[in-house]
Amino acid sequence: MATRSRPSSSTPRQRGRRRADADLDMRERLLASATQLFGEQGIAATTMAQIAEAAGVTSAMVHYYFTNREKLLDAVVEERIARSIAFVWESVESDVAQDAHALVEELIARLFDVTSRMPWLPPLWLREIVNEGGLLRERMLKRLPVEQLQRFAARVGEAQRNGAVNAELEAPLLFISILALVMLPLATSKLWQSTRGFPKIEREALQRHVSALLRAALRPAPQEKRAASSKGDAS
């Protein structure tokens, strides 16, 4: 009697996995198209149809994956911007955080890493988060990394008291300065490039420039070093 061959139990699972992978790929593609357009022309000026066209699909596909514009903006914040913020602030939890100078260098490096992988982020940050009325402003205000900012300021303040960092700096304002030095030139690079006689802003040159500025700013004055040294000797 012939035995009927049983279909492999892995077949439906493999098909399901392929479908899930395809869904994920399409969702990522739509997010990539949306963030690129949002960075270039702003959220208000970007339609779901334009996002679909950029991704090579129909508008119905955008609605299938994100339902509506608000859900799409939620996804941009949660799956793109919030993750990039978490990556930048990982350095505060690492061993490098024990050295304020090394911590600042690491934050600079991570900001340039993120903006290299997500070039749409600086213009989106300026247009939709910094500006009053930006369509991501309220979403991002709820996600400010307050605890990490406080920890960073405390570490800088401790280094100032130890004479390792310039005492003239305002520790709570330092990260705002770092963010502005990195993000503002990148966000406005097209403006400067269209200005006659102004050189193109090269990412590597900008990173060197920002690092040099902050190294000089963090360096304590000679008298501060002497005071910290004599204080240590007295104790």
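Yeah, the Cβs are placed from backbone N, Cα and C, and that goes for glycine too.
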Checklist outcome for this item: Between the ranges 47-66, 167-186, TrEMBL assigns DNA-binding region to 47-66
Next on the checklist: Which sequence-distant residues neighbour the DNA-binding region (47-66)? Criterion: at least 6 residues beyond either end, Cβ under 8 Å.
Outcome noted: 23, 26-27, 29-30, 32-34, 36-37, 72, 75
Checklist outcome for this item: DSSP composition of the domain 'HTH tetR-type' (24-84), residue counts helix/strand/coil, works out to 50 helix, 0 strand, 11 coil
